[in-house]
Amino acid sequence: TICLLLFPLTVVPLDGDQPAHQPAVRKHNIKSAVQLRQWDEEQQCCTGQCHICWPCC
């Protein structure tokens, strides 16, 4: 408990690769796929070139 008083958790830098950051990347990929007309809104997956977006149908 003394460690928490000396070193609060707010001073510890968080890792940038947290799962909370991944949806933003995924949304960017979906947006690109929608522009290329490869995103299936009904099935919520990518049809066509799967290296452009994920998940792939």
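Just so it is clear, glycine is given a Cβ too, placed from its N, Cα and C backbone atoms.
Feature annotations, reproduced from Swiss-Prot:
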type     : residues : note
DISULFID : C45-C57  : disulfide bond
DISULFID : C46-C53  : disulfide bond
DISULFID : C50-C56  : disulfide bond
SIGNAL   : 1-16     : signal peptide
Hey, what's the Cβ neighbour count for C45 (disulfide bond) at 10 Å? 17
Which residues does C57 (disulfide bond) neighbour through Cβ under 8 Å, counting only same-chain ones at least six apart? D40, Q43, C45, C46, T47
Which three-state DSSP class does C57 (disulfide bond) fall into? coil
Using a 10 Å cut-off on CB atoms, tell me which of the disulfide-bonded residues C46, C56 is the least crowded. C56
